[in-house]
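J.: What follows is a structure written as structure tokens; I'll ask about it next.
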Amino acid sequence: KMAAAAGAAAAAGLWSEVNRCGQNGDFARALKSVNKILQINKDDVTALQCKVVCLIQNGNFKEALGIINTHTKVLTSDVIAFEKAYCEYRLNRIESALKTIQSASQQTDKLKELYGQVLYRLERYDDCLAAYRDLIRNSQDEYEEERKTNLSAVVAAQSTWEKVVPEDLGLREATYELCYNSACALIGQGKLNEAMKKLQKAEELCRQSLSEDSDVTEEDIEAELAIIHGQMAYIMQLQGRTEDALQLYNQIIKLKPTDVGLLAVIANNIITINKDQNVFDSKKKVKLTNAEGVEHKLSKKQLQAIEFNKALLAMYTNQADQCRKLSASLQSQSPEHLLPVLIQAAQLCREKQHAKAVGLLQDFADQHPANAAEIKLTMAQLKIAQGSVTKACMILRSIEELQHKPGMVSALVTMYSHEEDIDSAIEVFTQAIQWYQQYQVSQTRGANPKSPVHLSLIREAANFKLKHGRKKEAISDLEELWKQNPKDVHTLAQLISAYSLVDPEKAKVLSKHLPSSDTMSLKVDVDALENSHGATYVRKKAAKLTGENQQKEQGQGEVKKKKKKKKGKLPKNYDPKVTPDPERWLPMRERSYYRGRKKGKKKDQVGKGTQGSATTGSSELDASRNASSPPTSPRPGSGAAVSATSNVIPPRHQKPAGAPATKKKQQQKKKKGAKGGW
């Protein structure tokens, strides 16, 4: 009995120590006292609960959860449901935390608060919004501001990731957290200028709030502002101010913030700015996206975007295997997503495997008809890059939901015109016009009013047919347009012009509908128009006539002096009796009688005589050969050449009978200038 009494007294002293340490926040000392109590009674429920709380306060969530799981008989779910769910939440076992909360027999306020956090992490924003609204409605304590902040965060997430137009919650933006969340919601709606103003207000409120605390340094304030500055840089990037955004992103990285999620997002955004440039910097930045714990800080769409950019960076850095591996992994995670297959196709194109890329895209389009439109547009682009314009047109025309769109019609007509396939281009116009015709009838229950797009297509079709000589086909379109608007003079003029080539009588009849010239006349001051600023022609003002000028005007007027034409010089040996050579102005090579140079003329003379001298070939010294052979054209510089003093008509006036005189003169000049020797 004395031992039991002593144990009870010791336990009471230990409980007093636990209570005092708990109030002082010294949970490490409290844990030691709790362990001593458990040595006295290992199944003490209160002691086990206190031990779990002390471990949670010290951040030992795994150990705390282990104690809960090993003492399930004592620590039932009703007793310790919140602590178990909280440990699972902090260990990022979000699904397990949700099950623990839902299995609790009694939903306390603490469990409801945790339930809202769990739903937010699971991205079940609608349920989360309802949970926080219920909490705010049924709670009155000092944590109301935090709940409103969480509520605004849910609304911002809906706007950003689900593109839901946020409702006005009527929250007073008195704190920088509320201002920041409001700015995020505006970014999701695309209201970038308004969002920037909200962020500037949030920055101002943050500085005011933190500067009131004397223990907070400027570095602490900058660290707290990092997330606000990150959103500012993101807005700049969306607005195309990439240099400003890049500068602000790098400033944040230099601060080395502890939030790995913030660093990962900033690094990813820098990679998107770099694209295929500055890949060395991108490879350094991508390491920040691989930091431990990033997957628990970001949403699924943010993580997915980072993985897409990793695959693209691998492609830009020519890491083909890595690119294929990442894109295949992404495709297995999101089979219906477009980007993985587009990245794979882009990698194949870089490897010059265009046919394989088109086949890959075609398979995806067949498997996922809902996303086929964008894939087929990419396929058409690849076909155009290969020069297969007709095949590209066939692919584009297979996209039924885009066939009637003005942009698609314009693209197809342009491509068919490039291929000179006018019939197919007209067929594209016809199909689009018929689609709008049927659509208008279905929408107006049998009535047939033409929409502006419909009328615009008819006009473009008529202009195209007129341009390519299809007058008869254009007439029906023009008549339809004129029928819709009989006061349209431009359409009437086009119709008359078309009929004038096909049916002149009909053109005359229609011309009666044209307005008279009196009604068409415009009161225009021609002089003011010609002298206006920007006129291409400005009429010079007439100079005032003096007495002498008046006499000249009255008389015969001033006679302009004419310049005398100089007579052309004739050659010195010009003979007027001889007809000039009609080809004298052409270069010698282009004249009809030019036979070209004879090859091998100087073969027999190589190495004989001094430089510049003319030697006689051995064939000329053979008398027997000269007697039997017909006379040949004299070689330049040979003794058989025609004397320069004979009465020869120059080649400028007559076709030369023998060798060109110019060659003879060149040879003579060469002889005269030669001094012999080397």
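FYI, residue positions are counted from 1 along the chain as it appears here.
Quick reminder: no glycine exception, Cβ is built from N, Cα and C everywhere.
Automatic, uncurated: that is what TrEMBL annotation is.
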J.: Can you check which of 94-149, 430-485 TrEMBL lists as coiled coil?
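T.: From TrEMBL, the annotated coiled coil range turns out to be 94-149.
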J.: Reported in the order helix, strand, coil, what are the DSSP residue counts of the compositional bias 'Basic and acidic residues' (572-593)?
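T.: Helix, strand and coil residues of the compositional bias 'Basic and acidic residues' (572-593) number 3 helix, 0 strand, 19 coil.
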J.: When secondary structure is assigned with DSSP, how many helix, strand and coil residues does the repeat 'TPR' (226-259) contain?
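T.: Result for the repeat 'TPR' (226-259), in helix, strand, coil order: 26 helix, 0 strand, 8 coil.
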